[in-house]
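> I'd like to ask you about the structure that follows.
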Amino acid sequence: MAEVKPEDMVHHQPMDQLQGFEYCIDSNPSWGEGIALGFQHYILSLGTAVMIPTLLVPLMGGNDYDKAKVVQTLLFVTGIKTLLQTLFGTRLPTIMGGSYAYVVSILSIIRDPSFAQIADGHTRFLQTMRAIQGSLIVSSSIQIILGYSQLWAICSRFFSPLGMVPVVALVGLGLFERGFPVVGKCVEIGLPMLILFVALSQYLKHVNIRHVPVLERFSLLMCIALVWVYAHILTAGGAYKHTALVTQINCRTDRGNLISSSEWISIPYPLQWGAPTFSADHAFGMMAAVMVSLIETTGAFKAAARLASATPPPAYVLSRGIGWQGIGTLLDGLFGTGTGSTVSVENVGLLGSTRVGSRRVIQISAGFMVFFSILGKFGALFASIPFTIFAAIYCVMFGIVAAVGLSFMQFTNMNSMRNLFIIGVSLFLGLSIPEYFSRYSTSSQQGPAHTKAGWFNDYINTIFSSPPTVALFVAVLLDNTLDVRDAARDRGMPWWARFRTFRGDSRNEEFYTLPFNLNRFFPPT
């Protein structure tokens, strides 16, 4: 075998911005292409917007009409939050959707004996929703204070590229239960969707029409349309007529009852469920979910910046975005979406899949959310897509986000045993501890923490059920205490230092400056 010469070996230099994107954060496709890409992001966001109300509303005592109205409200508020975040927050191309991090705290409110004893289902739904609203309104103050006071910017100064590897990676990997385990519940729909999407978006991505790579850009829309029709044919043909209920829920295209339950035109408005009710116990429990969503959003912002071909957001910008996330959670409480706010991870992955990180595309998508949530029947039509189809797409999108997290290792020394230890332990515990909490909760119908103090139980069970949150605690603790004196270069700090302040790199002004010359009134630090 011939000896490999040093000059023949390929050395990949670390890069501040991810290359190969057709459109980055502040460049825009044509209006026609931008509208199509925005609609594609809107369709992808429907998975979470439908699944969270589908899970929670029946437990609250609500009927199909209540579920349809909550879905409509969640989409409407998601559009507003996304516009606010892309205009005045981090300005990254991120959709601010509903969060699963709030489910533990919300379930605790649902199981409150004062609500469980209400006989009438609709009355119980309204009372529970008002309690959730009150908890969200109070707990949103955590993100608002941490964000606008720049306290989160101070906390983020303890983050390094090494510490962010497991956090960002687990923003994607931590959602594995919403991937193939859901695909397997209706494999005849989910598996073709997964194979077809990979084939069109990757193997046939070089197919161009008028110099536009249509399969790479719009394969998600094409695949959803084809598999949705295929699923409808199976449903109409009676393929699931005598199958188990679980199979019908995951496979049929007519099980959601969203279209029949939705109004033709309806505009969500604040306090539409009645005046919120406030309980210290519920509010304290919800604060844990707010902290978890804050950490998950931080990791998603880091990934979105990379997939928008932008530089890492400075601490000031990151904290500003968290403040606007708090405003979003406040809007969730006022309108009554039934959950809190976080970055939609699947839409972050779609930035990488299409190689289009344009901010304008996401803003167009927000416009579709507001428009179709007002036109209830039309929005419900798209929202009736079987969740198995979305789960197949998640297998790819969550994987892309996880890979972005791992890509931060290029700025660190991975020949250091210290770094290997920190990343390995953080990744393993970040997956293992939440899995323990999940299995315990499934088998015992309660979390490992089940003391008489309900708010304490919610704190522990919520925080340790989140893979990115556990990874952040472990990674940041180890990274800032273990042999830290001479490890700055190994941790990637020389590269990271330029992006810790707004004026540390000239590109920050290009990517993150507020519109309408607002930086005159809110000077960055």
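Every residue gets a Cβ built from N, Cα and C, even glycine.
So TrEMBL has the following annotated:
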TRANSMEM  39-58  transmembrane segment
TRANSMEM  131-152  transmembrane segment
TRANSMEM  158-176  transmembrane segment
TRANSMEM  183-203  transmembrane segment
TRANSMEM  218-240  transmembrane segment
TRANSMEM  361-383  transmembrane segment
TRANSMEM  389-408  transmembrane segment
TRANSMEM  420-437  transmembrane segment
> List, by number or range, the same-chain residues at least 6 past the transmembrane segment (131-152) whose CB is under 8 A from its CB atoms?
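That would be 105-106, 109, 112, 115, 273, 276-279, 282-283, 285-287, 289-291, 294, 298, 315-316, 318-327, 329-330, 332-334, 336, 338, 340, 525.
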> With pairs closer than 6 in sequence left out, are the transmembrane segment (389-408) and the transmembrane segment (183-203) joined by 3 or more CB pairs under 8 Å?
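Yes, the stretches contact each other.
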> Which range out of 39-58, 218-240, 361-383, 389-408 gives the transmembrane segment (158-176) the most CB pairs under 8 Å?
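The stretch with the most close Cβ contacts to the transmembrane segment (158-176) is 389-408.
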> With CB pairs under 8 Å as the measure, which of the listed stretches 39-58, 218-240, 420-437 comes out on top against the transmembrane segment (361-383)?
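That would be 39-58.
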> Restricting to the same chain and to residues at least six past its boundaries, which positions have a Cβ under 8 Å from a Cβ of the transmembrane segment (39-58)?
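For the transmembrane segment (39-58), the nonlocal Cβ contacts are 66-67, 70-71, 74-75, 78, 95, 97-98, 100, 103, 106-107, 110, 125, 218, 220-221, 224, 256, 258, 338-339, 344, 346-347, 350, 354, 361-362, 364-365, 368-369, 372, 382-383, 385, 387, 390-391, 393-394, 397.
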> Sequence-remote contacts (6 or more beyond its ends) of the transmembrane segment (389-408), Cβ cut-off under 8 Å?
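Sequence-remote neighbours of the transmembrane segment (389-408) are 18, 44, 46-47, 51, 161-162, 164-173, 175-176, 178-180, 182-183, 189-191, 193-194, 197-198, 201, 220, 223-224, 227-228, 231, 299-300, 302-303, 306-307, 345-350, 352-353, 492.
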